[in-house]
Structure formats: C-alpha cells, structure tokens
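Scroll down for the structure; my scribbles are underneath it.
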Amino acid sequence: MLDTFPWVDLVGAPTPLERMSRIGEVLGHPAIWVKRDDCMPLAFGGNKVRSLEFWIGEAKAQGSDMLVVAGALPSNQCRLTAAAGAKLGIEVLVLYAGDSEAPLRGNAMLTELLGADIRRLGPVSEEERGALAQQAMAELRAAGRRPYLIGDPFVGALGYVRAAEELTAQDLQQGAGLRHIVLPGSMGVTEAGLILGAALLDRDWRFHLVSVEYDAAELTARLTENILGAAALMDQAVPTDLMDRVEIHTGELGGGYGVVTEASLAAARTMAANEALMIEQVYVAKTFAGLLNLVRSGAIPKDEAACILHTGGTPSLFEQ
Ligand SMILES: Cc1ncc(COP(=O)(O)O)c(C=O)c1O
C-alpha cells in the first residue's frame with residue numbers, strides 16, 4: 001500500500017505486541033494486550049518515529065539538507081526529530097515556544113544533548129509559532145539552504161498506516177484475535193493512520209480514542225480531515241462506514257491537555273506495579289485510565305481481546 005512513498009527506516013524490527021497478563025488479572029479480563037511503540041531503538045522511541053520515517057523520506061526525496069521542527073519544550077516530536085537528524089547525519093533546527101528562561105528538562109534536555117540547534121521563541125501562541133516557523137524556513141532558503149518543515153499531518157499519518165500492517169501481521173501470528181484498539185485522541189494523526197490502515201486491510205477492530213486534548217467535535221473534525229488527506233495521498237477511497245468503527249471518549253480529559261487527573265495517576269501506578277511498564281501523564285496514562293473504565297463498564301466485554309497503543313513519550317516522566 002505504501003511502496004511508492006519515500007521512506008527511511010527508523011523503527012527497525014516490529015515493536016512488540018505483548019499480552020499483559022497481570023493487568024488481565026487486575027481486571028478479570030483474559031486478553032488485554034499492549035502494542036509497545038515505546039520500544040524502539042531511536043532515543044526512547046514513540047509514535048512520532050513512525051511519522052518521521054515518512055517525513056524524512058520526503059525531505060530526502062526533495063533534496064533537503066536540514067530539518068526544521070517547532071513545538072513546546074515537552075514535545076516528543078522535537079526530541080525525536082533531533083534524534084533522527086543525529087542518527088542520519090542531517091542538521092536539525094528546533095524552534096521552542098514557551099518561556100525562554102525555562103530550564104531544558106526531559107525531552108528538551110535530550111534535544112539539546114542530541115546536538116540540535118535550538119532557538120527559543122518565547123511565550124507565543126500556536127498560530128504565531130507556525131508563522132515563526134515559516135519565517136525561519138524563508139530565511140534559511142534565502143541563505144541558500146534547503147530546509148524541510150517537519151509535521152505535515154497527512155504524510156505523518158502514513159506511519160500508522162504502516163503500523164496497521166505490522167499490527168495485523170502480529171495479531172494473526174500471535175493469535176491475539178484483537179477486537180478493540182484503545183489509543184490517545186489528540187491531533188488525530190496517529191489515529192487517522194491506524195484507522196485508515198485497518199480499514200484498508202479489512203480488520204474488524206473497533207477504535208476507542210481517549211481524548212487527551214479536544215472535545216469530541218474538534219477531535220472528530222481533525223481525525224476526518226487527516227483520514228481524507230492520507231487516503232487521497234494513497235489514492236485510496238475511504239470506506240463509507242469508517243467512522244462507525246470509532247468511539248470517542250472524553251471522560252478522561254479532566255482539567256485539559258497535560259493536566260493530570262486522579263484516574264491518570266492511579267492508572268500509571270497500576271501499570272507500573274503490575275507490568276513494570278512506564279506511562280507518562282499527558283497521553284498514555286489517560287488512555288490507560290480510559291481502557292480500565294471501558295473494561296470495568298463492560299463496553300469492552302471479557303470475551304473480546306483489547307489492545308492499548310503505548311505511544312511512548314517516556315522522557316516526559318522526568319518533567320513531571
Ligand atoms: C507520546 C505521544 N502519544 C500520543 C501523541 C498524539 O499523537 P497525535 O498527535 O498523532 O494524535 C503524541 C503527540 O505528540 C505523543 O507524543
């Protein structure tokens with residue numbers, strides 16, 4: 001499905017699909033699985049590595065000689081762009097929004113260690129950050145460079161179309177019989193790729209998006225746009241019943257993006273104490289809290305296998 005797209009290998013071997021038997025005991029559910037996208041060779045890994053495989057593929061195909069990425073200090077995308085640049089020998093400029101005096105910890109500390117050129121933008125809005133990124137791109141071009149701006153959501157979603165292929169093969173090989181996939185609902189890139197990929201592969205998975213950022217209408221709009229965009233890139237028709245397989249859960253949002261809840265703190269402890277699996281608070285702990293609720297309420301029945309996508313973000317454990 002993806003053979004025609006330029007791509008670089010950053011993930012390496014498939015990330016593990018593991019049964020969480022101790023969590024299964026806690027829940028009285030025999031088949032709770034985890035797809036370990038936190039387990040990748042590149043600088044603590046995570047979902048953004050899969051998108052970077054296609055972003056950097058495109059950058060190389062366009063003859064770019066450097067990568068530009070913008071984000072907040074806790075951004076996993078900035079850290080992993082710096083990591084990919086270091087690994088592949090490509091210069092990286094990171095534009096960090098937020099208090100310019102704030103210390104570089106967790107993800108940002110790693111970005112610096114990885115040798116990226118860091119520019120601090122101060123406390124700008126998301127819109128201003130985008131405009132400043134475009135300005136940096138124009139300045140670099142004027143200086144004779146060929147920069148590539150990381151972050152196109154449609155290209156980025158291709159990484160999770162590929163992950164859907166990987167998970168399908170593992171599901172069949174390991175006899176998991178997955179029926180429910182639980183994952184964070186955020187910008188809708190990872191989600192779009194996985195949902196589109198699964199549909200194109202005819203999987204009968206139901207998707208539970210645990211929103212960590214937006215209300216249901218906003219998340220649905222982002223998701224739909226990204227699914228249509230990625231499908232258009234792939235020259236594929238989108239199955240008309242695609243969104244029937246998707247449920248959005250907003251019950252874990254609490255005080256909003258990045259704000260911990262009692263449930264997310266408890267979920268992280270349950271995961272660590274029973275599976276020795278570390279999950280951070282912005283994305284994965286809220287998602288796992290959502291999974292616990294879905295099983296306890298019977299929305300995920302005991303005779304249907306479920307899998308949580310661990311999207312990584314591990315270094316932010318050291319920012320909390
Ligand atoms: C660890 C982690 N999980 C989930 C997400 C959400 O992914 P998406 O933006 O594709 O919705 C991100 C995005 O920053 C992330 O870093």
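The first residue you see is number 1, and the count goes up from there.
Heads up, the Cβ atoms here are built off N, Cα and C, so glycines get one too.
What TrEMBL records for Ser75 is active site, nucleophile. Positions annotated as domain 'Tryptophan synthase beta chain-like PALP' by TrEMBL: 10-312. Residues or ranges marked as N6-(pyridoxal phosphate)lysine by TrEMBL: Lys48.
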Distance from Ser75 (active site, nucleophile) back to Lys48 (N6-(pyridoxal phosphate)lysine), taken between C-alpha atoms, in Å: 10
Within the predicted model, mean pLDDT of the domain 'Tryptophan synthase beta chain-like PALP' (10-312): 98
Where Lys48 (N6-(pyridoxal phosphate)lysine) falls in three-state DSSP terms: helix
